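Record features (Swiss-Prot):
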- 20-91: region 'Disordered' (REGION)
- 22-738: topological domain 'Lumenal' (TOPO_DOM)
- 183-218: repeat 'Sel1-like 1' (REPEAT)
- Asn195: N-linked glycosylation site (CARBOHYD)
- Asn217: N-linked glycosylation site (CARBOHYD)
- Asn272: N-linked glycosylation site (CARBOHYD)
- 291-326: repeat 'Sel1-like 4' (REPEAT)
- Asn431: N-linked glycosylation site (CARBOHYD)
- Asn608: N-linked glycosylation site (CARBOHYD)
- 768-794: region 'Disordered' (REGION)
Amino acid sequence: MQVHVGLTLLLCAVLLSSATASSDDESNQDESIDSKSSLPADESVKDHSTTGRVVAGQIFVDSEDPEVESPLQEEEESSKTEEEVSVGEEISFVESPSLSSKSYEEAKRARKPVLTAIEGTAHGEPCHFPFLFLDKEYDECTSDGRQDGRLWCATTYDYKTDEKWGFCETEEDAAKRRQMQEAEMIYQAGMKILNGSNRKSQKREAYRYLQKAAGMNHTKALERVSYALLFGDYLTQNIQAAKEMFEKLTEEGSPKGQTALGFLYVSGLGVNSSQAKALVYYTFGALGGNLIAHMVLGYRYWAGIGVLQSCESVLTHYRLVANHVASDISLTGGSVVQRIRLPDEVENPGMNSGMLEEDLIQYYQFLAEKGDVQAQVGLGQLHLHGGRGVEQNHQRAFDYFNLAANAGNSHAMAFLGKMYSEGSDIVPQSNETALHYFKKAADMGNPVGQSGLGMAYLYGRGIQVNYDLALKYFQKAAEQGWVDGQLQLGSMYYNGIGVKRDYKQALKYFNLASQGGHILAFYNLAQMHASGTGVMRSCHTAVELFKNVCERGRWSERLMTAYNSYKDGDYNAAVVQYLLLAEQGYEVAQSNAAFILDQREATIVGENETYPRALLHWNRAASQGYTVARIKLGDYHFYGFGTDVDYETAFIHYRLASEQQHSAQAMFNLGYMHEKGLGIKQDIHLAKRFYDMAAEASPDAQVPVFLALCKLGVVYFLQYIREANIRDIFTQLDMDQLLGPEWDLYLMTIIALLLGTVIAYRQRQHQDVPVPRPPGPWPAPPQQEGPPEQQPPQ
C-alpha cells in the first residue's frame, strides 16, 4: 500500500512539474508577466524611504549553523509531515535535475545572506540571496521582469509569496542619489525664500541657495539660475554662463533649456545667429511641452518667420497654450499687467502710462487710514490683482476689504466673498463664509455679489445646486454690466445648463464679456470660431482671439520686469527680456526692443547689429498695427539705417501709416517727399494737400505745417519764375493767384524768420553759445554715424 501511495505521489509530482514547466514556457513567450509574479511599476515603490544604504550585492559563505535559518523556513519545515517532506524532495528533484534532492536542500540551507557593510536596496533593505522569482533562483540582482532594465532583488526568499523587493544600486548610484536628495532640500529652501518674500535682499539670498543646488546638477535649480543669469534677475547678467547652463540642460532633455537655447540662436546672444538651429530647438522645446516654445512657434507660423504661413498650425499651438492659460484663471481674476510702450512715453512725456506714482499711493493709503471707504476698496483691488506699480499682496487686500466691509461697503463684501471662495495662503478657503458675504452684497444690489451668489448656486458651493436661482442672479449682474455675470450667462446658454441650449445667446453674452476684457470670454469665443459652433468657422478669427488669451499668461508679468529694468538704467537686462517676449509675439515688446536698440542704449548688441535688429523688430511691430513702428520703418529706409536708402519703400510705409492709422507725421512726411520729388514724382500741389491733411489730423502739426507751407510758397514762386518768360513776368504775375490771398502774411513770416536768424547769429557770436536748432518738419532720424545723403534744409 505504501508503495502504491509513493508511486501515486511521484506521478503527481511529475505531472505538477510538467505543468509548471509549460506555464514557464508560456510566460516567457508572453511580454507581460502575470500580476502575481511580475514586478510592480516604479510608482509602487514611491512610499519607500530613500535614505537607505549602498548595495552592490551580497557576500555568501557556506554555513552549517542551523541558527542562520530564517524563521519562515523553520516554521514551514516544522509544519510539514514526513510524507509532505518526501513529496517536496521529489518535486525539488524534478525541478532541479542537476542536483539530488538531498544536495539541493543542503545547498539551499547553506547559502544564507550574510549582512555586510555593503548591503541592501536603495531603500535600505537587505537583499535576500538566493531568492525565487518565476520559480527561478537568483544569486545576484537582476533586471528580469522589467522593461526598463533596472536591477532589482527580493528582500525575502520567495518573491511570488511575499512580493517584497527593491531596486539595487551601485556605490556611484547611491552617491548620486544622496547628492540629489541634498540638492532637492537646498532647492526647496531657496524656493521657499523666493516665494515668501518681496524684498530684493532675501530674493538674492534665495538665488544663492538655487546656485548651490544648480552646482549639484539639480535640473529645476539649473533652469532657474540660467534664466536669472540671462535676464539679470537678482544675479549679475552673464550670457555666457547662461548659455553653458542651457546647453547642459539641453543635453539632459530639458524643454526650458531647449527653448532658451533657441532664443540665443535667434538673437545671436553668446552664439552666432542661426535661424535654422533656433527653429530646431524651439520645436524640441514645444514637443517637450514648453508653453513659451509653443507661443514662439505659433507666432512664427502666424507671421511666416522661417516657416510657411499656416493658419491651422498657428491654431494648434495657440490653442494648446490658451487651454493652460484659461485653466489658470482664478475667481479673483489673477494679476494685471501694464503694457507700456517706451516710444510713446518718450514722445509724449505727459501721457498717462497707467502707473501710479509713489506719492499718489501714499496719499490713498493716508485716506484709507482716515476711514475713506472708496480709498480702502481701491487699494484692496490694487493689492488683490497687482499692477499699476503696486505689487500683488493678498494680506493687504484682505485688510483693506475688511475695513471697507465693516463700514458697510457692498463692493468690499463681494470681494471678500471672492477671496474666501478662491482661498489662498492668507485667506483659508470657506464656501460658507464666501456665501455669507455674497448674500450680504447681493441683497444690497451689488453685481459682484450677485455674480458670486450665482456661482454658488450653479456649482453648489456651500448651498444646494439651483440652476434657476443661478440664472436669476447672473441676469441681475449682467444687466448692471458685470462681466462675470455676462460670462456665466453665456456659459449656461452654451452648455444648456438650466436653460435650453442657445448658441446665439451664448455668443451675445460672450461678446459682451469680451468687451469688458474678460479672458475667458475671449477663450470661449475662440473655441466657437475654431470649431464653427454657433458661428461660421473662421481660423483667422480664432487665432486672433487665442493669441489674445495666450498673451495674458503668467509670462506676461515679465513686461513689467523689463520696464522696471529699463527705468533702473539696466538697458541690457531690459532689452534681453523684451527680445524674448518679442519672440513670443508681443507687439509692445517688439516696439520696446526696437526702441532701445534704436537709441543705442544696450551694449549687449554689437554696433553693426544695432540698426538691422531694430529694423527687424520695427517691421514686426508694424505688421501688428503699431503706427510709430510703421513711421520708423519709413524713416529707416529714408535715411538708410540698417538698410540701403530707398525712398520708394519709405514712401510706401508713410502712405500705409497715413491711410491705415491717419498719422499726421506720416502725412507731413508724404508732403515733404512730394515737395522734393523723393521716391515719387515732384508735385507741389500734392505736397500742399498732404501738409493740409497733417494740420487737420493733429493740432500739434499746425505750426510745422505753417512753416512748411511758407517754404512751399517760395519754392512754387521760384519754380514759376524758372518756367515763365522773364519779360512777361511783371505783366502776368498775380501774387494772390500765385501764393494765395495771404501771400503778404507769408512774406512777413519769411522776413521775421530771417530777422530772427540774424539776431540769433549775432548773439551766438557775442556769447559764444551755440543756438539750438529748431525741430524740422521732416522725418526725425535716429542718431547716425554721418550725415545722410539727402538732408532737407533747416
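Cβ coordinates come from backbone N, Cα and C, glycine included.
Keep in mind it's a predicted model, so treat the numbers as computed, not measured.
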Three-class DSSP assignment, Asn217 (N-linked glycosylation site), comes back as coil
Integer Å value for the Cα distance linking Asn217 (N-linked glycosylation site) with Asn195 (N-linked glycosylation site) is 22
Spacing of the two Cα atoms, Asn272 (N-linked glycosylation site) and Asn608 (N-linked glycosylation site), in whole angstrom, works out to 14
Reduced DSSP state (H/G/I helix, E/B strand, rest coil) at Asn431 (N-linked glycosylation site) is helix
Here the Cα-Cα span from Asn431 (N-linked glycosylation site) to Asn608 (N-linked glycosylation site), rounded to a whole number of angstrom, reaches 61
Across all protein chains shown, the one of the glycosylation sites Asn431, Asn608 with the most other Cβ atoms within 10 Å of its Cβ is Asn431
DSSP puts the residues of the repeat 'Sel1-like 4' (291-326) at 29 helix, 0 strand, 7 coil
Most Cβ neighbours within 10 Å, among the glycosylation sites Asn195, Asn217, Asn272, goes to Asn217
Cα-Cα, Asn608 (N-linked glycosylation site) versus Asn195 (N-linked glycosylation site), nearest Å, comes out at 41
Looking only at the topological domain 'Lumenal' (22-738), mean pLDDT returns 82
